[in-house]
Amino acid sequence: MPRIGTPLSPTATRVLLCGSGELGKEVVIELQRLGCEVIAVDRYPNAPAMQVAHRNHVISMLDGAALRAVIEQEKPHYIVPEIEAIATATLVELEAEGYTVIPTARAAQLTMNREGIRRLAAEELGLPTSPYRFADSYEDYAAAVAALGFPCVVKPIMSSSGKGQSLLRGPDDVKKAWDYAQEGGRAGKGRVIVEGFIDFDYEITLLTVRHAGGTTFCAPVGHRQEKGDYQESWQPQPMSAKAIAESERIALAVTGALGGRGLFGVELFIKGDMVWFSEVSPRPHDTGLVTLISQDLSEFALHARAILGLPIPAIRQVGPSASAVILVEGESTQPSFSNLGAALAEPDTALRLFGKPEVKGQRRMGVALARDESIEAARAKALRAAQAVKVEL
């Protein structure tokens, strides 16, 4: 069985997080509950996970030399990517040198961009996906749109939180969607994926955890997106037995191909009993924030256990639950939050304020959580709590 040492001593079990956002913050808390020494790394100071870690470093994680220098200095037992935008070639090298990357360096590399994971799912594993084409130039992109027809979706192959993503309904959308995709990609201008639109009933995240004892699934998480960015999520999403079985089959295939240990967020489109693979994150998923109130072990606790090789004998879902994000728009380096008493006045509600050091434009700064007798009631309660929070910039 795994052994965990004493933090800040020669026996410490050191975990280094690449990325220090709100999801990483919860992972740090869970790792510290299990006695780990945690180092948080990100491109800006005072990031949420840094505020609860033992130490932190500020570097560009796309700079392979800087990333290697920090890892060689800290000598972590586990390297845990929390975001996609990392010098994954360096992670591959470090893994070959004996470091443990969660879940694997290959998983981080394949999921860093939409092309790697789409080709794995559709072409290697033969899983159902939307029809798709990749394009490097405007001419190729226009040809892809013409081939797939309207409506269709365009996304940069490297972006997160819906940045650069558009739904094209007709010819008038073609040029502006291309321009928006070129602005929204993490690596600047470049390659896009054009996908045929699936007329789905709903979309889910199937949180799938690969751990010492095998693979375990959480109850499906339903969610609502705006411009590709999560606004609210709920668990359990009602589904047919056939759709659940097919979702688990697809998630098992994808996570099995990526390998390693840890929690994965597998995104799927559902129509009746039919299921299509969309994307996968080899780490906790933003829509899974609902598990902070909906499960006895949150997605973050599950990730921590899986990383450390600890057993997950069961996951208990505690009833209809929902999350609603607290979005803030404007500019500030010292936002403050009030009316929290009203937000927490109803039973079975909770808040997480992420502690992000600044707002520039629109930013997710917290989440409201709620449980109730039905999904509809839980969603309404979470939205009331989120809307009650007042923000001063």
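From the backbone N, Cα and C atoms, a Cβ is placed for every residue, glycine too.
Listed features, source Swiss-Prot:
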{"type": "BINDING", "residues": "GLU22, LEU23, GLU82, ASP286, LYS356, ARG363, ARG364", "note": "N(1)-(5-phospho-beta-D-ribosyl)glycinamide binding site"}
{"type": "BINDING", "residues": "ARG114, LYS155, SER160, SER161, GLY162, LYS163, GLY164, GLN165, GLU195, GLY196, PHE197, ILE198, GLU203", "note": "ATP binding site"}
{"type": "BINDING", "residues": "GLU267, GLU279", "note": "Mg(2+) binding site"}
{"type": "DOMAIN", "residues": "119-308", "note": "domain 'ATP-grasp'"}
Let me know the most crowded of the binding-site residues, choosing from GLU22, GLU82, GLU195 and counting other Cβ atoms within 10 Å. GLU82
Where does ARG114 (ATP binding site) sit by DSSP, helix, strand or coil? helix
Between the Cα atoms of GLU203 (ATP binding site) and GLU22 (N(1)-(5-phospho-beta-D-ribosyl)glycinamide binding site), what distance do you get, rounded to the nearest Å? 23
Near GLU279 (Mg(2+) binding site), which binding-site residues out of SER160, GLY162, ASP286 have their CA within 10 Å? none
Just to verify a number: CA distance, ARG364 (N(1)-(5-phospho-beta-D-ribosyl)glycinamide binding site) to ARG114 (ATP binding site), in angstrom, no decimals. 23
How would DSSP class GLU195 (ATP binding site) in three states? strand
What Cα-Cα separation, expressed in whole Å, is found between GLU195 (ATP binding site) and GLU267 (Mg(2+) binding site)? 15
LYS356 (N(1)-(5-phospho-beta-D-ribosyl)glycinamide binding site) and ARG114 (ATP binding site), compared by Cα position, are separated in whole Å by 27
Using all protein chains shown, find which of the binding-site residues GLY162, GLY164 scores highest when you count other CB atoms within 10 A of its CB. GLY164
